[in-house]
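Chemist: Shown below is the structure under consideration.
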Amino acid sequence: MSDKTNDDKTLSVNPKKTLTLKRPGVEQSTVRQNFSHGRTKAVVVETKKRKFSRPDEKPEVEAAAAPKPAAPAAAPQQAPASAPVSASAAQASAPQPAPVKAPATKAPAAPSAPVTKPHVAQQRPVHQRPGGQQAQRPRPADRSGMVLNTLSRSEMDARRRALEEAQIREVEERARAVEEAKRRAEEDARRAKEREESARRQAEEEARLKAEAEARRKAEEEAAKRMPQPEARSERRDDARPAPYGARPQQAGRPQGGRPQPAGRPQQGSPRPAPIIADAAPIAGKPLPQSQLRKPGQSDDDDDRRSGAARRGVAAKPEVRAPKVVKGEDDRRRGKLTLTSNLEEEGRSRSLSAMRRRQEKFKRSQMQETREKISREVTIPETITLQELAQRMAERSVDIIKYLMKQGQMMKPGDVIDADTAQLIAEEFGHTVKRVAESDVEEGIFDVADNESAMVSRPPVVTIMGHVDHGKTSLLDAIRHANVVSGEAGGITQHIGAYQVVQNGQKITFIDTPGHAAFTAMRARGAQATDIAILVVAADDSVMPQTIESINHAKAAGVPIIVAINKIDKPAADPQKVCTALLQHEVFVESMGGEVLDVEVSAKNKINLDKLLDAVLLQAEMLDLKADPDRTAEGVVIEAQLDRGRGSVATVLIQKGTLHPGDILVAGSEWGRVRALVNDRGEHVKEAGPAMPVEILGLQGTPQAGDRFAVVANEAKAREIAEYRQRLARDKAVARQSGARGSLEQMMNQLQVSGTKEFPLVIKGDVQGSIEAIINALDKLGTDEVRARIVHSGAGGITESDVSLAEASNAAIIGFNVRANKQARDSAEQQGIEIRYYNIIYDLIDDVKAAMSGLLSPERRETFLGNAEILEVFNITKVGKVAGCRVTEGKVERGAGVRLIRDNVVIHEGKLKTLKRFKDEVAEVPSGQECGMAFENYDDIRAGDVIEAFRVEHVSRTL
């Protein structure tokens, strides 16, 4: 510090030395410690002097320095250099206030002892370096030293705040310490309580185990008293058993107290016995397994002591192996499976049922009882596996296989055998056989006998039939006071409609059938489900083809006919002509002396409608229609469709019994539970009696129109019948697609059909009956060259799956009274699939017919032009042979087809390459003129040959 003057009293620190402060009132000395083996160590010891204060003086606060882990040995080396600085710092800290009274005590020798006083010297002045030590306790004022600087008011306030914060922290730490001590006391009390509870439970468990062991011991003693022979045998076995392991036999000629060997070394020639768990003997009643012979954590000292005692000649006690404990039913039922208990068990034991069966078998063998053979009635279907047959006979499949092996047949349990073989096996094993067929699942569903005493009158079912546009639906609308015709596309009926009206307090059920030729199947179904047929014939149109067809359907169904001559209000009406025309088809009306009722009506002007209804009621009274309403319902499906909001909806006609919501029914190959019944006016009804048409909701799928339905007992029966019918439908479809094979004629027909062009279609309609009519109409359009192939058809809207199917099969999509959803439209637009919508069957058939006509190969039509005779043949360079000809008949055109005829035999057919007259190309050469001709790719021409010219035209065909 040579660059400072004597008057400069500022604090200066050499950067090469560490700033230290000498602790006032502390003396340092060195003590040498002696250790063993001549080692010594010098230890620095600090001695702190006690400061005494006068009574009139205020005690000064000693700033408690934080304990530092640094070794104090470095203090004497730096003390001389920093002595003035320490003295100056001590005097500078003298004027600070002392708010807390703290008696000065001698500092402990160990610097690492915990200090509970607050750390006052944490707030350092701004001019101090971070490397400097904290402020030391101030010296008295009478001591000499260098005063570096007095503390400012802000520094004094900072120190005061630090002291206050330290006091607050000390109070908080004391509170936390009290809470921690309280928490520890509570935790200790809880643990002590848990230990006591655990000890109590363990004592109870040990007492229970001892009681159970004592009870088992007494039971074994009583059993041993009742069975003396097994005990004697066990005693004999115990006598013949060798000495216990670990007990050394007494050798001859050697005293018992021979020289012992060292305790830590085993005896020569004998293995050291393994320790046995001492606690297991009184509890367990069985010899312990090898995995339990050593207790975990047990030391080997016991083994050494036992081996040492044996070597010293002390008689070792024989180890008693406790009998194995068999867990009873109670132990097996309760308790949980753990890893320890699983490892301690010997393995998987028999079940309780197996033990019970074993005991019963043992008792029967002791009592010399033979088990009687139980004869069962075995139901055998058309095919059955050996395993299933064994289960039905309650026999082992191994016994059946052995029997078949004796018969020379090697079979497995999964092999399928026929009903005859199964019957032979069952009879051989002493059982009776009941043969059933797969179709027996439908037995007892339809045609169940009615209870004659419960029969009541039912409304008649009337079907309105006739030719298209003869006014069938208009007549029914006039009767129902409704307007259905306006809702039908094109004014023609394309569905079967079922309605119920009331006349003179009596109900009449009407079924309206389509009159178009495409709906033949619908008319046939309508005739089958009816009691009376009303044949509607227009007075101005007389008998037409569909009228004749309706007559045939009614006669085939055996139902009476009532002729309704409609449109009598027209000027051209001639009812007498209608009656005369009906005579040709064996329909004899009353006006002509027959028995068939005829009524002249006008649906438009509602003339004689009451007479028609009276005739219906009269005919129904003659038929004496009755039904049993208390039996399960049967009927027929009139129409079915897939409704977007309601699912599968079927219009059915109840023929027998009463249908209720919740009934489980089977309709064709579909089944379901009736969720709702809706009548023809859209009202929900609680039940539907005989001859009542209703819509049913809840079927799993859409049945076919015309299918019969019946109510079954449960879902299992319904599912079984539906699966059987679906299987039959698949088999029929496969047989129809595969085609018949056999005769040569059938094979040739198949080859001919395979060359037929196909027009693939995907048809979606609103109801199943309309789809059926469309398919039948398209089948009639087919010829030997082209036909329509229905890739898929179904009731419901057009979906994405339909578009994907059409894209895969390159088919067009036809929607009849349905539309495609947005996803299907977008998909069809992306893939280029055409979707066409129709609501009139006429338009649909016409468009498909035109499209199929485009697939027909055009007709080749040939027109004769003329003949020419070859007069001379010329060889021209770069051209070839050219024929000089004279046209003898007709004309010859350039580019026309030609035939080369030699000796009345056609030897070439081709086209003209050139046609010249006097070296000029001409379009045609008339008769009588000469010309030059050359053929394409042909040169074998001679003088005298005849050339025939013709024109070929291709004309498109239609179906």
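Glycine is treated like the rest: Cβ placed from N, Cα and C.
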Chemist: Suppose you had to name the range Swiss-Prot annotates as region 'G2'; which of 491-495, 766-770, 926-930 would you pick?
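Modeler: Matching range for region 'G2': 491-495.
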Chemist: Averaging the per-residue pLDDT over the region 'G2' (491-495), what integer do you get?
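Modeler: Its mean pLDDT is 45.
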Chemist: Around the Cβ of ASP469 (GTP binding site), how many other Cβ atoms lie within 10 Å? Please give the count over every shown protein chain.
Modeler: 18
Chemist: Starting from the Cβ of LYS472 (GTP binding site), draw a 10 Å sphere and report how many other Cβ atoms land inside it.
Modeler: 29
Chemist: Taking the Cβ of GLY466 (GTP binding site) as centre, how many other Cβ atoms lie within 10 Å?
Modeler: 28
Chemist: Under DSSP, is LYS472 (GTP binding site) part of a helix or a strand, or is it coil?
Modeler: helix
